[in-house]
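Trainee: Swiss-Prot lists these features:
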ACT_SITE  PRO2  active site, schiff-base intermediate with DNA
ACT_SITE  GLU3  active site, proton donor
ACT_SITE  LYS58  active site, proton donor
BINDING   HIS93, ARG111, ARG156  DNA binding site
ZN_FING   241-275  zinc finger
ACT_SITE  ARG265  active site, proton donor
Amino acid sequence: MPELPEVEVTRRGIAPFVAGRRVERVDVRTAMLRWPVPAGLAEQLRAREVLAVERRGKYLLFEVDAGWFIVHLGMTGTLRVLPAGGVPVAAKHDHIDWIFDEFVLRFRDPRRFGAVLWHSREAGDVHAHPLLASLGVEPFSPAFDGALLHRRTRGRTVSVKQALLAGDIVVGVGNIYASESLFRAGIRPTTAAGKVSLPRYERLAEAVRATLADAIDRGGSTLRDFVGSNGESGYFQLDCFVYDRAGEPCRVCGTPIRQIVQGQRSTYFCPTCQR
């Protein structure tokens, strides 16, 4: 599933093409993704200029004068920029095309767990949309620090890894990045969130930012379907310290990496480096 780094890589790849350009038309070939595609989307966007492309958590927000169209990549979704002169014939899983003068922005999603939604300007600020309003803080924002993690986890018995994944404290720390961040911070993923000290949470906040920044620099992680807007795979997974390395020696101390299951998700950690 594309997480924050993959979505940010997509945003950075798309924004230079679409910002300041007008949508000539929208071809919607699939009316139902995770939720119904708004029936009037094509008409709403025709001849509209894209003013900006932002990201909130794992959602992409495309602003036009009348509102925002919101895209979520789901588990297998991608957005590709294709030159107008050489656009391949739409395949089975190519659900929506936004057609500009010199290129096409194509949404592909084999499993159809992604979403394309509309939020009108009359409905208010897009960040108040029901899917966005309850999200945690952005990991690169000044609001995210060890004090926030410490304060929001007091009294919580859930594991620190599951607290990171929940998304109500901080957004975008998916399964890969939670395991990697906890390794960098030296925290065992099974530790109760409410028992982690403030100094350790300060290290974890820095580790989360560093891990996500490294992943963005490497084009994200490609485990199955993800490619960036240019069709290239990410390669962060090749440099992971612990993720998907069960039984292999720790890159720091040589201890075999362990794999456990937490909340039906695989967790990887070093029993020596992480306490």
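Keep in mind that glycine also has a Cβ here, set from the backbone N, Cα and C atoms.
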Trainee: Which residues in the same chain, at least 6 apart in sequence, have a Cβ under 8 Å from the Cβ of ARG156 (DNA binding site)?
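Mentor: Within the chain, ARG156 (DNA binding site) has Cβ neighbours under 8 Å at ALA163, ALA192, ALA193, GLY194.
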Trainee: Across the listed DNA-binding residues, HIS93, ARG111, ARG156, what is the farthest Cα to Cα distance, given in whole Å?
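Mentor: Site span for DNA, by Cα atoms: 42 Å.
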Trainee: PRO2, GLU3, LYS58, ARG265: which of these active-site residues has the sparsest Cβ neighbourhood within 10 Å?
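Mentor: Selected from the active-site residues PRO2, GLU3, LYS58, ARG265 on minimum Cβ neighbours within 10 Å: ARG265.
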Trainee: When secondary structure is assigned with DSSP, how many helix, strand and coil residues does the zinc finger (241-275) contain?
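Mentor: Summed by class, the stretch gives 0 helix, 12 strand, 23 coil.
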Trainee: Need this for a regression test: recorded positions HIS93, ARG111, ARG265, filtered to those with Cα within 10 Å of PRO2 (active site, schiff-base intermediate with DNA). What's left?
Mentor: none
Trainee: Can you grab the distance from ARG265 (active site, proton donor) over to GLU3 (active site, proton donor)? Cα atoms, rounded to a whole Å.
Mentor: 15
